[in-house]
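S.K.: I'd like to ask some things about the structure below.
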């Protein structure tokens, strides 16, 4: 630190924060005045000049205005929400989500055949046959579509204008509602709950209404948290909760391979990849019948069962650690190891020294983390693969003998798993192998899978920073708007300095996320790479959020106590 500079105290930080809020309010008032002046001299009032891109964008977003009055909305809090209140609202939203996950849909005939969305449920936080059938799919889809449209400049949105922000959020919400209706109708028409002729028009309409209102509840809960009443966003909270719920009580039936299939296909079916991590089913009390008799499915439950029932403790430990027909202790330890590795890498970052132009002597740092885009790469990669699986399964059911369909993917249905597993084609080669032994058995499969995951995660990470407003140019603009400059560099070279770190952190961080997924898959936590990474990154984000909220509240309390009465 340079001589004469002082570390900012809590009081100076609060004062600077209040000063920045006043400046932002003044800027918003000036922008509103400029917009009113532009409206008076707009082409509609007689000007013959062609409308600019911003004018076209406002006209496009104004199409949402008629629907704004009927869209469900959570008003922003008029006062600062205390930390305890945020925790309370977050727990309340979580309780509502968990209750909806356990309420079955009324009027369905039960699951018939394989679940085509089985591979997507880990990132959708959805439960088949319940009110949370759609999960967060409408919110995620609408958010990504609007983000891509805005980031690629197809629609111009000025986030500094309050009206543009409101219209953009309204458009995103309207699109989410339309996607909810579309998905609900598609689920019913496709026969997922039984043939429509058997359900009847009344039951089919009732199922659609249930899914629609459940989707509205999810949208409201997500907006409730994002508006400042709670912590984080509903999307991250529900994904992490869905995975953690699996650890505690959710039971996922393990597939059993069919005996009449050829030997080559049987070897491939032996390592199916469920969307919920098998290694995480450590506490499942469900019993399964095997060649050795009845066993408990949960790894920890089976460990104690073996210790109490077997005469030899060594044989009991060997059975609990290395059994292959159900989750074992080795897979559980592998899962814990991946948890620790991800938490360790979360702390890797580069702190760039910055200083405030208007507050002399006040300095800070701008952190650039190794996981710059967090879990976005693995979410996008999983979404891409899941949609490919879904399309491949639909085509393979109808056109099994088509060469192009077989090239896209060949599938084998399993008896108790409620889903199908890929046994050939592109879908097979981009699916994770079952263990380290699979590398020697099919090295081509392992090589293609590793290359695909690393390259796709790196590309998705680099692309996301461009479309989400977190690139070097966007960060430089944010720093300038906050009257901040990088210490030791000119303001004109800010983008060049950030380009040394941000693109590299995005690409390399995305590859690290992909590598950790591969390690989790190869260590024996079958199919759990994505789930583990999502759970750990989200929980770590909440840990940082809680620490930041608590620190801010302490600073505000101290600042209020130091004011003269």
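The count begins at 1 with the first shown residue.
Heads up, the Cβ atoms here are built off N, Cα and C, so glycines get one too.
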S.K.: To which of the residue ranges 370-391, 392-413, 414-435 does TrEMBL assign the term transmembrane segment?
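M.R.: In TrEMBL, the transmembrane segment feature sits at 370-391.
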S.K.: Note the mean pLDDT of the domain 'Translocon Sec61/SecY plug' (96-129), expressed as a whole number.
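M.R.: Averaged over the domain 'Translocon Sec61/SecY plug' (96-129), per-residue pLDDT gives 78.
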S.K.: Check the transmembrane segment (87-108) against each of 134-154, 174-193, 329-350, 370-391, 497-519 and return whichever range has the most CB pairs under 8 Å.
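M.R.: Between the stretches 134-154, 174-193, 329-350, 370-391, 497-519, 174-193 has the largest tally.
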S.K.: For the transmembrane segment (370-391), find every same-chain residue at least 6 residues outside the stretch whose CB is under 8 Å from a CB in it, and list them.
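M.R.: Contacts with the transmembrane segment (370-391): 116-117, 119-120, 122-123, 140, 345-346, 348-349, 408-409, 422, 426-427, 430-431, 453, 456-458, 460-461, 464-465, 468, 470, 502, 505-506, 508-510, 512-514, 517, 530, 533-534, 537-538, 541.
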S.K.: At a C-beta cut-off of under 8 Å, are there same-chain residues at least 6 beyond the transmembrane segment (497-519) that contact it? List them, or none.
M.R.: 338, 341-342, 345, 350, 352, 368-373, 375, 377-378, 381, 432, 449-450, 453-454, 456-462, 464-465, 470-472, 475-476, 486, 489, 529-530, 533
